[in-house]
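These notes concern the structure reproduced below.
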Amino acid sequence: AEKIKICLQKQVNSSFSLHNGFGGNLYATEEKRMFELVKPKAGASVLNQSTWIGFGDSRTDKSNSAFPRSADVSEKTADKFRSLSGGSLMLSMFGPPGKVDYLYQGCGKHKVFYEGVNWSPHAAINCYRKNWTDIKLNFQKNIYELASQSHCMSLVNALDKTIPLQVTAGVAKNCNNSFLKNPALYTQEVNPSKEICGKENLAFFTLPTQFGTYECKLHLVASCYFIYDSKEVYNKRGCDNYFQVIYDSSGKVVGGLDNRVSPYTGNTGDTPTMQCDMLQLKPGRYSVRSSPRFLLMPERSYCFDMKEKGLVTAVQSVWGKGRESDHAVDQAYLSTPGCMLIQKQKPYIGEADDHHGDQEMRELLSGLDYEARCISQSGWVNETSPFTEEYLLPPKFGRCPLAAKEESIPKIPDGLLIPTSGTDTIVTKPKSRIFGIDDLIIGLLFVAIVEAGIGGYLLGSRKESGGGVTKESAEKGFEKIGNDIQILRSSTNIAIEKLNDRITHDEQAIRDLTLEIENARSEALLGELGIIRALLVGNISIGLQESLWELASEITNRAGDLAVEVSPGCWIIDNNICDQSCQNFIFKFNETAPVPTIPPLDTKIDLQSDPFYWGSSLGLAITTPISLAALVISGIAICRTK
């Protein structure tokens, strides 16, 4: 009889790369980065489709006769906007004659404003003021600020008021022989007498706590008054000095102008200019006192519930060729912390006409159709990778990637994986540091590792039989390192908050620190991933070694009395008793079934954070249990000896 020895032998050649891990090493035919770099998409997007609302005009108005050619958004996104062609929030606030007057109201955690162009220099609104850009800037800034602190907002288009009997609603020649709806102009018709100027005006208005279904915790009110260049211009009838002042219920001055105590401009001119300051006022009863002849009475407000902080996106709103625009929206964005601006790079070129349906704007606003994982001034991201090539400009919200270089992202083994023995990778002398990770976060943190060091992560689980680390202990190592990473990050945030408290007066210092912190977080995360990679490699190596023994056991069972196992993974067979077909049945499963495999490697890692990026406690979660790579028959050679 001819006896032969058949063994399982792992095939490794120069095409394999070696990967070291905690508890075991691997040879692999391929490797891949744990994450790829992502690139943000320019424009606007939202974190949650169910929690945002838009405020717009004809470019988001589905009722426009030229829709969808007139729109800069999709039909789906247009449904989320409160819009009317020709409208704007400021037009509805002041109500100039002949302009669209739309009741803007709605609720959402994230508010997108794409309006404003309908009140611009092209509109040529006069009413005692030819250039309203500075008032528009102040108005938009206050709208964005209050919207970022509220869930709901609404125009209040009719305030309760008490008007003095001696005044009547007036008009003005330089306001199309009409006047604004807010403020309303009231005048006194005075017959020649000793009191030729009439009497001082005293009126009252009430800011409600609720308007329809909308709760009002704070109102935006326009406090308007005339500015005279000199006392003589106003005092043509011997009316003394001009004043128009608003008082709260306690008698405190909250807005207006009083030339009895404040100087006139000193300029030369015969026509006054109207100025409107934006006041943030609580609900309640207010009084207005003015000098005789004129009374400018607040008639409208925007009310805000101030229930939750939210996100605000302002979209640049400009005309196409031939019409003059302003940049109040852009400037208001710069003045509003946490506000994101979507800005064109090219002139507006419309499809429906010169001013409606711009392709660039459609691309910039296309992200509103989707949910993003991260939105920022640099753009939006919906990929799951935690890294991007460039630093994302703040503000940013959601699960935003950190800046990193591609070569710094750890690589993991892929393709055909073959374990080493494992006996040469046991940690016998624990270290007191993990990759110096305590130095990664600009000296803010110190990581105290238990006396067992790395061995503590593997719970000191050396196999009694001599080599390797158990799969169970490696999995426990994942749990332990995950907990320590959470502690590390919690300590980071506490230190960051303390530093922020110390330098809140210095905005540039905050910006510099923010960048430093983000860079440190990126470095720390890369360090954490390096640890996880090493645990992954060790865990897979251990599992693959176990799978080899399982395969050997299966072969022994199939062979029965036809083969004798003389050492782990080696059998003696009588060639005369068990021919080639017999051997194929035993060792190749008669090629009718593959060698039992284990599920493929899944290294998906999900970085979780609060909806608001800064100050959040980042958490690291392995979303699925780490599984083992498949062993295929082509990865095993059968070595025969006589």
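Cβ atoms here come from the backbone N, Cα and C positions, even for glycine.
If you look up Swiss-Prot, you'll see Asp353 (among others) marked as active site, charge relay system, on the strength of sequence analysis. Within 10 Å of the C-beta atom of Asp353 (active site, charge relay system) sit 11 other C-beta atoms, taking all shown protein chains into account.
Annotation source Swiss-Prot lists active site, charge relay system at His356 (among others), citing sequence analysis. Proximity of His356 (active site, charge relay system) to non-local residues of its own chain (separation of 6 or more, Cβ distance below 8 Å) is seen for Ser58, Arg59, Asn64, Ala66, Arg69, Ser70, Ala71, Asp72, Gly350, given in sequence order. In the three-state DSSP scheme, His356 (active site, charge relay system) is classed as strand.
Positions annotated as disulfide bond by Swiss-Prot, on the basis of sequence analysis: Cys197-Cys239 (among others). For Cys239 (disulfide bond), the Cβ neighbour count at a 10 Å cut-off comes to 17, with all displayed protein chains included. DSSP classifies Cys239 (disulfide bond) as coil under the three-state reduction.
According to Swiss-Prot, the disulfide bond annotation covers Cys216-Cys303 (among others). The Cβ of Cys216 (disulfide bond) has 23 other Cβ atoms within 10 Å, all protein chains considered.
According to Swiss-Prot, the feature disulfide bond maps to Cys224-Cys276 (among others), an assignment based on sequence analysis. Applying an 8 A CB threshold to same-chain residues 6+ apart, the list for Cys276 (disulfide bond) reads Phe94, Ile135, Pro183, Ala222, Ser223, Cys224. According to DSSP, Cys276 (disulfide bond) is assigned to a strand segment.
If you look up Swiss-Prot, you'll see Asn13 (among others) marked as N-linked glycosylation site, on the strength of sequence analysis.
Annotation source Swiss-Prot lists N-linked glycosylation site at Asn48 (among others). Listed in sequence order, Lys109, His110, Glu371 are the same-chain residues six or more apart from Asn48 (N-linked glycosylation site) with CB atoms under 8 A from its CB. A coil conformation is recorded for Asn48 (N-linked glycosylation site) in the three-state DSSP classification, outside any helix or strand.
In the three-state DSSP classification, Asn131 (N-linked glycosylation site) falls within coil. According to Swiss-Prot, the feature N-linked glycosylation site maps to Asn131 (among others), an assignment based on sequence analysis.
Sequence-distant neighbours of Asn176 (N-linked glycosylation site) (same chain, 6+ residues apart, CB-CB distance under 8 A): Pro97, Gly98, Asn126. Annotation source Swiss-Prot lists N-linked glycosylation site at Asn176 (among others), citing sequence analysis.
All protein chains considered, the CB of Asn382 (N-linked glycosylation site) has 17 other CB atoms within 10 Å. According to Swiss-Prot, the feature N-linked glycosylation site maps to Asn382 (among others).
The number of other Cβ atoms within 10 Å of the Cβ belonging to Asn539 (N-linked glycosylation site), over all protein chains shown, comes to 25. DSSP gives Asn539 (N-linked glycosylation site) a helix state. The N-linked glycosylation site annotation in Swiss-Prot covers Asn539 (among others).
Marked as N-linked glycosylation site by Swiss-Prot on the basis of sequence analysis: Asn590 (among others).
For 83-297, the entry in Swiss-Prot reads region 'N-acetyl-9-O-acetylneuraminic acid binding'.
Taken from Swiss-Prot, the feature region 'Esterase domain-2' applies to 297-351, supported by sequence analysis. When averaged over the region 'Esterase domain-2' (297-351), pLDDT in the model lands at 95.
Residues annotated as region 'Fusion domain-2' in Swiss-Prot: 352-637.
What Swiss-Prot records for 1-617 is topological domain 'Extracellular'.
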Most isolated by CB count within 10 A, of the disulfide-bonded residues Cys197, Cys224, Cys303, is Cys197
Inter-residue Cα distance where the pair is Asn382 (N-linked glycosylation site) and Cys197 (disulfide bond), in Å: 67
Spatially closest candidate among Asn131, Cys216, Cys303, Asn539, the listed recorded positions, to Asn382 (N-linked glycosylation site) (Cα to Cα): Asn539
For the region 'Esterase domain-2' (297-351), give the DSSP counts of helix residues, strand residues and coil residues. 7 helix, 16 strand, 32 coil
Whole-number Å value for how far Asn131 (N-linked glycosylation site) lies from Asn539 (N-linked glycosylation site) (Cα to Cα): 70
Given the recorded positions Asn131, Cys216, Cys303, Asp353, state which is nearest to Cys239 (disulfide bond) when distance is taken between Cα atoms. Asn131
